[in-house]
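Contents: one structure, followed by commentary.
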């Protein structure tokens, strides 16, 4: 059940603009636990919310489980290829939870290394509450991001079937891919180059574990527990430092000690097809959040008809606001930015005081 690209885009924009009220604050149905919501089908998600925040997120923390779910939500949904379908092959079910349902197959994909414990923990939550794995992945992502200051409240739609097939292999773009390979793969799934850049806002909260084990959990920007534009700014800084004893897989020099730079991020930040969109994400946390929310809403319904799903966004908590302005890190200036957008000047961004940062591993 697939919508046309035009109708999908229109629906996503409408959904992105219709911001929900807050957890249990936007509807006329009273759940058994006393919460208020827009639809009785949403009531079960309050129980899942409590379970996730207490156990999975270890007290509503913005730490490693959030980073793992951000990998899982992308790796699950991007297993979707209309090109394979057109060639008469199974093209994947999109955001169907197959990474959990068929973990014996999908966790063997190289891109899914290090996700086994998280996938199995999610499986237990889904079974305990009787919810589909596809719905659970989307819900856990929205809840996890709500624990990180500055994050937008993501849309959450429920009603995905728990029936799925294993994703075809080799559909997950990786840090060692070329820009062309990444854009082609994402384009096959329906995403423009601009939307690829928008989705990479998730790297604002990211760290790496398997690309260079010597610097385990090294963050991709200086604020890995805050959803902000520092990732886009810092990826444009000149690479001058090797943060570990040697460079890892798909690793580039970084701007200061402790920060990990993925080759794919560095290339996308400087490629003519994506550089201007990248630069436009550096100066406004609000714009970044709006664009990420819209792109995630689109990704969350890959393989599904959003009109057949139920909007339970009002169950999702709101993140604490982030009022900090974007900055060029201390010890550096705008001259250290590798400006790559020829059509627009680099935005005016203040420089932080103090010395060059040295980052600790992300929690």
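Glycine too: its Cβ is placed from the backbone N, Cα and C atoms.
Just so it is clear, the model here is predicted, and its values are computed rather than measured.
According to Swiss-Prot, the features are:
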type     : residues                : note
SIGNAL   : 1-20                    : signal peptide
MOD_RES  : 21                      : pyrrolidone carboxylic acid
DISULFID : 31-43                   : disulfide bond
DISULFID : 42-312                  : disulfide bond
DISULFID : 62-148                  : disulfide bond
SITE     : 71                      : site 'Transition state stabilizer'
ACT_SITE : 75                      : active site, proton acceptor
CARBOHYD : 162                     : N-linked glycosylation site
BINDING  : 203                     : heme b binding site
BINDING  : 204, 221, 223, 226, 228 : Ca(2+) 2 binding site
DISULFID : 276-341                 : disulfide bond
CARBOHYD : 358                     : O-linked glycosylation site
Self-check item: Set of same-chain residues at least 6 away whose C-beta sits under 8 angstroms from residue 226 (Ca(2+) 2 binding site)
Solution: 148, 149, 150, 204, 205, 322, 324
Practice problem: Look at each of the binding-site residues, 204, 223, and point out the one with the fewest other Cβ atoms around it within 10 Å. | Solution: 223
Quiz prompt | Listed recorded positions among 43, 162, 221, 312 whose Cα sits within 10 Å of residue 75 (active site, proton acceptor) | solution = none
Practice problem: Report the member of 312, 341 (the disulfide-bonded residues) whose C-beta atom has the most other C-beta atoms within 10 angstroms. | Solution: 312
Quiz prompt | Three-state secondary structure, residue 221 (Ca(2+) 2 binding site) (per DSSP) | solution = coil
Quiz item: Of 162, 221, 223, 228, 358, which recorded positions are close to residue 31 (disulfide bond), meaning a Cα within 10 Å of its Cα?
Solution: none
Exercise. Among the recorded positions 223, 312, 341, report those whose Cα falls within 10 Å of that of residue 43 (disulfide bond); none is a fine answer.
Key: 312
Quiz item: Cα of residue 358 (O-linked glycosylation site) to Cα of residue 221 (Ca(2+) 2 binding site): how many Å, rounded?
Solution: 11
Quiz item: Within 8 Å of the Cβ centre of 204, 221, 223, 226, 228, which other residues of the chain have their Cβ, at the recorded Ca(2+) 2 site?
Solution: 150, 205, 222, 224, 225, 227, 229, 230, 231
Quiz item: Closest of the binding-site residues to residue 71 (site 'Transition state stabilizer'), Cα to Cα, picking from 203, 221, 223, 228?
Solution: 203
